[in-house]
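First the structure, in the form of structure tokens, and then the observations on it.
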């Protein structure tokens, strides 16, 4: 089978007066050089390793989820408890867009190893936290590493597979994500209950180091050229700064507004306005100023289906990440389950994620089409999210497990096929930045979902309890209902607190259902291009300013793959 022109090649060499060639280091001649389609035998060695890296990234996040109430009580966090997951996601969001370009410039493998090292060190330090500020700082650093890992693994996967193969092999990565999501709450719950919440951070560091060794051994070296100074100059520093500033200035006031600061506070209004103004400024920089933009505007100009996939991914993030943290809070703070039992009840939701991902990948690989899977998965997720609104203080555990299972199947069947759809509607030369943009929007959605969910809970608790509890006491209870044990509340007051907590959780869950419903509508409208490789004439055209730079792109295949094709 002839693979299409336009995937990758080495850039046109520069010839000096002695007849030697050297790799160019100019922006005008830069393009991705790292596509290297591997044969099946090598893929079966590389994919388990990068899938392990992806699993660790999610394991790091989900193992903390069941420890959040204990962390909040130990460090007396109050309403700021929502920032345990949010600071991680804010950092992950801010690093996403630059990931693609950084990996293009410095190489996938070196960047992946660096980010895994950052995550390992940050987790180790987070376990020694003695204050909320210290924990937030190291979780923010961990977010830079963990967020980069999730994007880089998918970029590496797209480097070494064809579009036809991607659904099947990405399904295996999704299955490992499901495994990480499944065992994370159990490990976190067991460590919190039997040892200390600090071990939720400490245990992951040696595991990361072991996987780093495997990555160093089995992943092919990155094919990048040029001097370090020239590579640094390629980075879109202005765009990176504006992107981070916009993310932080929007998310912080959303989280703090109404609970710590009034919505009419000049500080809240000023930060929101400045953050909002930075969004068009960032778009202008990427469109007109950046020579090598980390978010090329053409990604939004390819076709409507690509934009629908990106919208869908953003909304998926809102519900997925918020649910991952607020369902454990519901189970522990409202229902009174211990961390281990909470992890067991969540298991059907997070484990079925892996099942949905694996099955959807196989379906796409066998049928050559992704849209039926995306539509069905989003429908299942919508049903599960709608049923979640019936949760009360007495909902049977079996019902929570069944509803969670439905959501997990929908999540697994929506995430990976969505990436396949985006790549099918994008130029091959843009696969790294397209991956990064999708991850950025999904994690940005998660950050927004967490901050809005936290704001809803804080405001409901304040509204319903301020008549008989002080603001400080409400903050302690919002952080963890375990705090009630030392407050000598009457039975009536305790019931009012739990009712208020349940009311806040109900409002949060009600928000999720219509959001996933919109994702289902987007899925129906996405055009199915199939997963067959297209020739250069079928690819979305590059802007005229870039056609001279990337017109020589083609797929680079290892000799073994060429033999397999014969």
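Each residue, glycine too, has its Cβ placed from N, Cα and C.
Among the residue ranges 73-99, 397-423, 478-504, the one that TrEMBL annotates as transmembrane segment is 397-423.
In TrEMBL, the feature transmembrane segment is placed on 169-191, out of the ranges 169-191, 537-559.
Looking at the domain 'Major facilitator superfamily (MFS) profile' (46-531) alone, the prediction's average pLDDT is 85.
Taking pairs at least six residues apart, the transmembrane segment (508-526) and the transmembrane segment (340-361) share fewer than three Cβ pairs below 8 Å and do not count as touching.
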